[in-house]
């Protein structure tokens, strides 16, 4: 049996090679999990889990880490993943929970929730960079997994597009921050808006740059529910 925690990089044979190897060894339902929003100081953390079909004809050409794709290509691949996936789930964790529990704990929690929502239940789990324990099946943390494992890349696309759409929705509620442009990451423009207007309810108050901007200020009023656009699982 493969080690559940040893990171590995597979570049030969394309992004489907690792899944196919696992399936040949009897792990027929291989799930990939990834997240979006770890590095942001505003907005939610979004995790996704995906099981792709075994059939070669269902392979998605050009599938890779969502951060390496253009927005238009991500949107196209988002639709393709939803069309072919055997199962998928998207989980959204808001800034209040991140502030309360911490980013790493929320990251693990989001991935566990996404994996637990999959039907059929995975027999093996691939994750990007670090292991996710407590899922009840063997797993492997894959270095740059969203570039070398198709199911992780698919999860990366679902998480990234879902989160970007949430941030675009939040931009309509809080237009002064420019969320549609920077998606809540700490760009110079975002920091300038944060210093001028103070934190909004969707900023992560536990982050130092947000806390500094919020000293002596009231939080910008108004809150909106953070939900993933489209179906959460399939």
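Just so you know, glycine gets a Cβ as well, placed from its N, Cα and C.
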34, 35 bind divalent metal cation per TrEMBL; candidate in 99, 128, 133, 164 listed for that same site: 128
Cβ-centroid neighbourhood (8 Å) of the divalent metal cation site, 34, 35, 128 excluded: 33, 36, 47, 48, 111, 127, 129, 145, 146, 152, 155, 156, 159
Same chain, 6+ residues apart, C-beta under 8 Å of the C-beta of residue 35 (divalent metal cation binding site), given in sequence order: 45, 46, 47, 48, 107, 110, 111, 128, 159
Long-range Cβ environment of residue 34 (divalent metal cation binding site), under 8 Å and at least 6 residues apart: 47, 48, 127, 128, 145, 146, 152, 153, 155, 156, 159
Cβ neighbour count (within 10 Å, all chains shown) around residue 128 (divalent metal cation binding site): 25
